[in-house]
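Some notes on the structure that comes next.
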Amino acid sequence: MKDKVDRRLAIWLYCGAAGILIQILLGGITRLTGSGLSITEWKPLLGAIPPLNAAEWEHSFHQYKQIAQYKIVNTHFNLEDYKAIYFWEWLHRNWARMLGLLFIIPYLLFSLKNEIPKKLHLHLIVLFVLGTLQGFMGWIMVKSGLNDTDITVSDLRLAIHFLAAVVLFAYTLWVAFWISIPNYLMLPPLHSKQTPFLLLIVIILQLFFGALMAGSKAALSAPTWPDMNGSLLPTALYETGADPHWRYLLVVQFIHRLLAYLILAFTIILYYRKGKQRPQQFSFVTTKLPLLLTSVQLALGICSVIYSFEPFVRNFALLHQLVALLLVSNVLLICYLNQKNN
């Protein structure tokens, strides 16, 4: 009976993690389509209902017309154009509401049946708090672009919002691993205990700089590879008199590139430090998959930089985000298996 309960709890949490992954990708689409500022109000409950008639649509469009993004970038928009960007922001917010229900309703049902172990309750409370805070952080991010001067949201607030979502995703997965992976499936230590955790930390840091790259459009500052505008170390990084904003963009991209190479080095180490293991069990997931995902991620990142001026770069950027989340999941699993065996 307990195994059946644990299985249901694990399925619930894995579904939640999948929903968070989709939500992060929806956030990426919202950013890439320039839709994030289309809804200028935050109504946690009533906001689930979109405009239902012409007057409500005109009112919503009128509010959008008051901000700099419309006045500077989208003055050519008609109502149909506005509806197109409204859809993505509305879907992004409503998916978050759906995730809230996906958490609360099963939690109440499991609690009424007294099927949630005491140790799990604390983890679930933390997940609920993180999810709630994420909603507030999303609005704080959006609010940074609702003014007369900024045509986008703050890249720093975007990065914090994105990183918080990744932490929520990773924590949900970790709790699901804890419930669903029995001890008899554990392998002997595959690597030194520190290597996977160090890799995970570097990946999280890399995701932060990746979000800064996306929010500031830093790829446009040096759309070349392997060099950066003809040199390995852009002169604007150390020249006096360089424009501060231009230097900032180059610094962000330079660090993002360095971290990518560092992650590649870590995954190569994981590949060659296979350690003692049972034949074939988890071999691909723990040694080969991290290197494969990192290689694909590196290729997508290079394409996203080189073709940053092209409209189709959105496809590369979204795939880049997806593979990053898959890599987080993969390395997180390795960390879990390692700590179980050390």
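The backbone N, Cα and C atoms fix where each Cβ goes, glycine too.
Bear in mind that the values here come from a model prediction, so they are computed numbers and not experimental data.
Long-range contacts of the transmembrane segment (9-29) within its own chain (CB-CB distance under 8 A, at least 6 residues past either end) are made by residues 35, 88, 91-92, 95-96, 98-99, 102-103, 106, 110, 115-116, 120, 127, 161-162, 165-166, 168-169, 172-173, 175-176, 179-180, 214, 317-318, 321-322, 325. The transmembrane segment annotation in TrEMBL covers 9-29 (among others).
The transmembrane segment annotation in TrEMBL covers 95-112 (among others). Beyond the ends of the transmembrane segment (95-112), by six or more residues, the same chain brings 8-9, 12, 15-16, 19-20, 22-23, 26, 44, 48, 124, 127-128, 131, 134-135, 138 to within a C-beta distance below 8 angstroms of the stretch.
For the transmembrane segment (124-142), same-chain residues at least 6 beyond its ends with a Cβ under 8 Å from one of its own Cβ atoms are 16, 36-37, 39, 42, 44, 93, 96, 99-100, 103-104, 107, 116, 153-154, 157-158, 160-161, 164-165, 167-168, 171-172, 175. Per TrEMBL, transmembrane segment is recorded for 124-142 (among others).
Through the fold, the transmembrane segment (162-185) approaches residues 6-7, 9-10, 13-14, 16-17, 20-21, 23-24, 27, 120, 123-124, 126-127, 130-131, 133-134, 137, 204, 207-208, 211, 325, 328-329, 332-333, 336-337, 340 of its own chain, all at least 6 residues removed from its boundaries and within a Cβ separation under 8 Å. The transmembrane segment feature in TrEMBL is assigned to 162-185 (among others).
Look at TrEMBL and you will find 197-220 (among others) tagged as transmembrane segment. Residues 28, 31, 152-156, 158-159, 162-163, 166-167, 248-250, 252-253, 255-256, 259-260, 262-263, 266-267, 270, 290, 304-305, 308-309, 317, 320-321, 324, 327-328, 331-332, 335, 338 of the same chain lie 6 or more positions beyond the ends of the transmembrane segment (197-220) yet place their CB under 8 Å from a CB of it.
Sequence annotations record features per position, and here TrEMBL assigns transmembrane segment to 248-271 (among others).
Among the features that TrEMBL reports, transmembrane segment is placed at 291-309 (among others).
Residues or ranges marked as transmembrane segment in TrEMBL: 315-337 (among others).
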